[in-house]
Each structure stands twice: as C-alpha cells, then as structure tokens.
Ligand code: F6R
C-alpha cells in the first residue's frame, strides 16, 4: 500500500527520495510525489503525478526541485481516484504532508476547516491533515507541537510525515496504527553518509541502502528529525525514549540479483530461508526449543489462529499439524471476520496471529480483540519490530528475509516450516509426540532445502506445462487433507499474478458443485501425494478425466500409477505427510509464475494488490 520516505541532510533530497520510492514500489501504488522546502523562499515545492515513478522522474527531469530536505510518497488510492491532484504530498500554507492509512473523520474535519476559510484542492482525506497542521501553526510556531495538536484531532489509522517551509531542514512524523520508523545516518552510523543526515520511512527497505540503524516508533509517537538530531514524543507531546536497533537484512537481499522478477528470486531463496528459519528456532535432535518462548502448554485449552490470505492458508495447515501432533484443539479464523462475529475467547486460549509483514491491519485488530478478551497472544512474523510484534505477548520470527514481490512465496513456506516446528514443540510438551517421531520429522525438515533445490531445477519443465495451458481462462486446484490448503494457495497465487480465474477446493467437494465447471478447456491441478486419501484422489482424477478436463498432477516421485491419468505430471520427493505441503507448494508457485510471465503481466506488482494491507 502507500509508502513514505523522508530525508534531511546535506545531500540533494530528490534522488534519495526517488531511490526510496523505487524500493517501496513493490508495495503497490497508483501515483507518486515529492515535496522539497525551497532554498530560495516561496512555498514548499511539489512534484506529483499519476502512474509509475518513472513518470515522476520524467517530470522532475523537466522541472527539478533543489534542496537537502524532503518527503516522498507512493499512493494507493482510498479516498479519491488516482490522479495528480489527489497524489501526495498535499500542501496547505507553509506545510506539505504525506500520509498512509485512512482518516475516518476527514469529512467532519474538512467541513470545519472549510468553515474556517481553508480551501481544498483534492478529494483526499490527507489534505485535511495539511490544513490542520497549517492551522495549528498559526497558534504557535513549534512545528512538532503543531503536529501533536493536529494528530490529536485525527481518527483512524495513519502514519504521516510533514515538512514546513519555515523550518526547511525539519521533518515531523507521526505514527498511529500504521508503520513508520526513523533511519539514523551520519558518518559512522549510515552506510554511505559523509555528513549528518536522518531519514523517516514506512518500510525499512526504503532506506536500507543508506542506513541500517533505525528507531521504531510506537503507536501514538511523533518524531522530529533534522540532519543532526532526532527526538520522539508521545501523543501528548512529552519526550519519550525509543531504542535504536540495527537491521540485519542486507541491502542486497532487497535486490533482484539477476533474476527476471523478485518473485522468481524469492522462490529460489526458499532453501536458504527454510534453513535459517530452523536455525532461528533452536532445533534439537528430537525437539524444538524456541529459546525465549514461554508457553504453559498444560494451561492452553485451545489455539485460535488469526490470519489473512496466504498466511491464512498457512494457518489452515498449522491447524492440522498441531491437532495431529500435539492434540491441542485449534480453530482458524479469517482475521477480517474475527472481531465482527463476537467470538468466544477464553483466558485459557492462545491466540496465534500469523502475518508475514506484521502490518496487516485486520490481523493486528483481530489479535488485539483476542487479547482484550483475555487470551494469551503469540505472533508469527517475518519482520523484526513490525506492529504485530508489539501487540503480541510473544513472537516467533520466520527468517525469510525481505519479501518484495507482492505474491508471497518464501514467506509462506517459512510459515509452514514454523508450523511444523511449533507442532513438534507443542507435541513434545503435551506428550503426544514421541522422541522417535519428532526425530524423524526434524530429520525430514533438515532434508527439505536439498529437495527444494531439486524441485527448482524443474522450473523449465513447469514452464512448458504453463505454455501448454497458456490459453486457459479458468483453473481448478484440488487437494485433500494437508494439501487442501495447498490447493487454496495454488489457486490464490495463480489468480493474483496471472489474472486467470482460479479456485481451490477440497477434492472431496468436487462432486458437490465445482465439477460442473470442468470441460476440455479447464486445467485441473490435482495434488495427489501418496498417503491417506490417495485412492480417493485417483477417483477424483478419473471424474475430471471423464469430463474432458486437462489434468496437471502433482504426485510423489516413484508413483507409476498416476502417469496414465494425468496430462502433465510434476513429481515431488516422498517425504513425511506433515512436510508434503512445503514441497507441494513449490511447483505451484513456479506454475503460477510461468503462467503470469508467459502472459506478460506485472508479476511483482499485480494490478490492484498491495504488499501489506495496512487498512481494514
Ligand atoms: C498473497 C499474499 C497475501 C498476504 C495477505 C496477508 O500472495 O501475499 O494474501 O498473505 O495480505 O499478509 P501478511 O502475511 O503480511 O499479513
């Protein structure tokens, strides 16, 4: 969704802002802009345009903005269509503001400000913030305190950064339920600083090239940065201390490194990502310790998992794993539905939120709801310091590294790895998982990276399969048991990046409706791993075949039966059932990728989608 970057220092701000905006592109956006306080007097200079950052660069080439301080923004339209006038920054008086999130009481504020003489030029909720700050500055020239007073009038979820022509080297930023952090630069601190400088950003990838030293703002915090100084205050304007931390992600991890797309690169990073997730968990020979995690398993009557999208699919798999290995009852809820159905939550429940970004508004809200109703809370997250990690009592981190492509791949398989690890951990503590079985699973996990390497080597063959079905407009994905959520995920991946209509179903449900869709133009991807239910999957396959459907089977290496039934066959290594979802996901990711690439879609930034959905 929207992205914010701000810079104040000695360098020319615009190239740094544009570089940061480019790194935020992956989040999805439809317009972009920058604001730079003038060095020669006059109002804050603006440059904005609808469309891609290349268009903004072209317009800045024609009309450059000079100055060592500025703010930049990529907008994903919520209030008002994508257009130049609605693009951020928005200016009022001496002030220009960029904003992520939604101001829920914007209509009321706009009416009040208009009545007081403010003139609005856009349809956005953001413009009210600029007018509010400008109005507050007429009472008292302290920029930070003016934003404190303006922020106190805003309702909703937002992060903002503002500049002021009267203090041209200063940026004031504020965070309220939307991510925002400070990046500290300067000689010896920044990666490339030769003089004093500081940054603000909604996502660390925007500034990673310049500094890895950051200060996470808490909800309700406001900050003022100048080249030499930063200060943080709470919502009442009182100074607060926030610790610095060093980001371990390397800037190179957020580059394409020779791959055609980030998605392809991230698919290929899965062996390493899974290995590192296991390393981070403290995996022993027949147990998983999770140093620092303290869960009283005997007091945990139920686990309630909360997640959205791909993370929701990981939760569905986690439910079967934890119920199977630890015998703890698990419920899974779509986070956006959870708090609106007056859920039953008990103090003996553990609410487990799963979110790659840790910034998904619905997941954060659902976890807060569960916490408020007395549950213990745990989060599984891929981003250190993300908002979700501050809501949860405890956090387990996956170590996928930065995921830039909107379509989640390595974050998903590391979530699945974490689910297996957590199920082993819990199973050993409830006593339902024997040391011998745990050891077999741990050994199986250790072998996964090598198996995935082999599966990745089949990418070219999977491209041929995609090419053969290139004209398809619809596609079905079928799976049973642990592979049913894999079918859901396969369908989600295909539809989001190729725009081919795809549905995932439990194979047993075919006869109850979806089979009506099957005809000679419909590829049906069937997850047919050997194990319980295999015979039934074969019957489902026969049913599809009888109706002329084209079958792409994902089966177990060494399966000599299925070849006769399938039009295309993708084989995955024979591993324990609990680990099959991880391996079965890889060919489905590649299939979706090749379908999309052959079709020529914007693989990394599919239309209408955003990397982290920070509004409800
Ligand atoms: C799909 C995808 C989304 C996310 C969902 C939740 O490829 O990435 O469905 O899984 O928006 O995001 P997180 O995991 O960041 O909470």
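Cβ coordinates are placed from backbone N, Cα and C, and glycine is handled just like the others.
Listed features, source TrEMBL:
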ACT_SITE  2  active site, nucleophile
ACT_SITE  611  active site, for Fru-6P isomerization activity
DOMAIN    2-228  domain 'Glutamine amidotransferase type-2'
DOMAIN    293-432  domain 'SIS'
DOMAIN    465-606  domain 'SIS'
For the domain 'SIS' (293-432), the mean pLDDT of the predicted model: 95
Residue distribution over DSSP helix, strand and coil in the domain 'SIS' (293-432): 66 helix, 28 strand, 46 coil
The domain 'SIS' (465-606) - residue tally per DSSP class, helix then strand then coil: 69 helix, 30 strand, 43 coil
All-chain count of other Cβ atoms within 10 Å of residue 611 (active site, for Fru-6P isomerization activity): 26
Helix, strand or coil at residue 611 (active site, for Fru-6P isomerization activity) [DSSP, three-state]: coil
